[in-house]
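Let me begin by presenting the structure, written as structure tokens, before commenting on it.
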Amino acid sequence: MFVNVLIAVVALGMLAWLTLSPQLRQSSAWAATMTPLASIMGSGFLVSAPLLASVAGNYAPLAMAVLLLVAWLIGSAIRFNIANAEPLFDKITEPVHGRDDHKYHHSHRLTAELGKGVEKLSHYVLAIAYFISITYYIQLLSLFAMQPFGIDSSFLPKMLATSLLVIISGTGFLFGLHIVEKVERYIVSLNLATILALLTGLIVFNGQAAWDGSWKLPELAIGSDPWHTLRVMMGLLVVVQGFETSRFLGTEHPAQERIKTMRWAQGIASLIYLVFLSLMLIVITPEQASSSADVTMILTLIAPVATILPMLLTVTAVGSQFTAAVADEAGCGGLLDSLTKDWLNAKTAYLAIGGMTILLVWVVDVLQVISLASRAFALFYALQCAVATSIAWSENENHSKREPVKAAGFGLLTLLSFVITICGISSE
């Protein structure tokens, strides 16, 4: 009883502070932090514990640390692009007579045009990644919505997912998605408040187990094939994806603020994930760890911690996945509008997105979608790292000297991201 009350108080208190605090409401830095933070946590928090336990056993926190490190390094490339590539792309101009002897003139144009070409290609890849991530969010929402009713059917969740995608796409086509986006801040606040409440419950649960001497790690097995395990981990990159949203907040936040707040978002998310995975280990049984097919298993796992948590997590899961899907559909619609101005506008783009995502719902299951999303975002990251490599190796007005060490590092990240794109597989 005490734990339930404590969790409720923490959740309500945190929710009130996040939504009502004048300092947070008026803080541009907090708004710039919340967008990537919510995207990172929304991408994988609900599925990370059971999936990583099934792959890495008791080493799940270490596996998460590896994913977070890869994400941080890729994030450094995107932060480099915010600082150096964005202003360079904005300065692409026609040759000016009498300026051909400028020491940066030719390298500036060559680097800018090559980099901008790769940048545009990455936007096409990102649009595809959005298709997959929208499908992922809505499929996950449907499974969590059905779980409390004990419905053991793949057909009904797919029907619910299809209905939701029709509603979202239809609303976008008829009215735009700004109406739905207005509630996003409140859902994001609820999601963060629930995460803190869950961590509070897990701290108490672990503390009580340690106090009475019953604290013990379960004997969770790790895969016998290291290469297969590594490939499955590659297919889970999407659980730490979302930080790249800072790259596209340029109309609302200056570059230095986006760089700083992306670091904050990744740092906060990393701390939450590592604490969460470490505290979750004692509630996972070997039988549960061996069953990676149930992505809603988190509801079963946290039931012994506090009876209020499954209901709280279900409500949060439905809300957070819905707003994440809406946000990605809005982003994808705007992206398609800018990429295909001649034949597709933002409103008709919503219909194309709806059709493609509905097709994906019926063709692939949620575990396959997780792997596909990871590989699609890995390809986007590879192209972003390639842009960073070319800029770091060049000399121009915005980047006065070559940085071979950074260029080599970004080049390795490009290669790693391509490997993830090719080799990542689902956890089935």
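Glycine is treated like the rest: Cβ placed from N, Cα and C.
According to TrEMBL, the protein carries these features:
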- 55-74: transmembrane segment (TRANSMEM)
- 124-147: transmembrane segment (TRANSMEM)
- 159-180: transmembrane segment (TRANSMEM)
- 187-206: transmembrane segment (TRANSMEM)
- 226-243: transmembrane segment (TRANSMEM)
- 264-284: transmembrane segment (TRANSMEM)
- 296-318: transmembrane segment (TRANSMEM)
- 349-370: transmembrane segment (TRANSMEM)
- 376-393: transmembrane segment (TRANSMEM)
- 405-427: transmembrane segment (TRANSMEM)
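A contact between the transmembrane segment (226-243) and the transmembrane segment (159-180) is absent, since fewer than 3 of their C-beta pairs, 6 or more residues apart, lie under 8 Å. Two recorded stretches are said to be in contact when at least 3 C-beta pairs lie under 8 angstroms, sequence spacing 6 or more; the transmembrane segment (55-74) and the transmembrane segment (405-427) meet this definition. Contacts between the transmembrane segment (296-318) and the transmembrane segment (124-147): present, as 3 or more C-beta pairs lie under 8 angstroms, all at sequence separation of six or more. In this chain, the transmembrane segment (349-370) lies in contact with the transmembrane segment (159-180); the count of Cβ pairs under 8 Å, excluding pairs fewer than 6 apart in sequence, is at least 3. With respect to Cβ pairs under 8 Å, the transmembrane segment (376-393) is most closely packed against 124-147, considering the stretches 124-147, 187-206, 349-370.
Same-chain neighbours of the transmembrane segment (349-370): 47, 51, 130-132, 134-136, 138-140, 143, 154, 158, 161-162, 165-166, 168-170, 172-173, 177, 235-236, 238-239, 292-293, 295, 329, 332-333, 336-337, 340, 426-428, counting only residues six or more beyond its ends whose CB sits under 8 Å from a CB of the stretch. A Cβ distance under 8 Å defines the sequence-distant neighbours of the transmembrane segment (187-206), meaning residues of its chain 6+ beyond its ends; these are 3, 6-8, 10-12, 14-15, 18-19, 34, 37-38, 41-42, 45, 215, 272, 275-276, 279-280, 282-283, 302, 304-306, 309, 312-313, 315-316, 319-320, 322-323.
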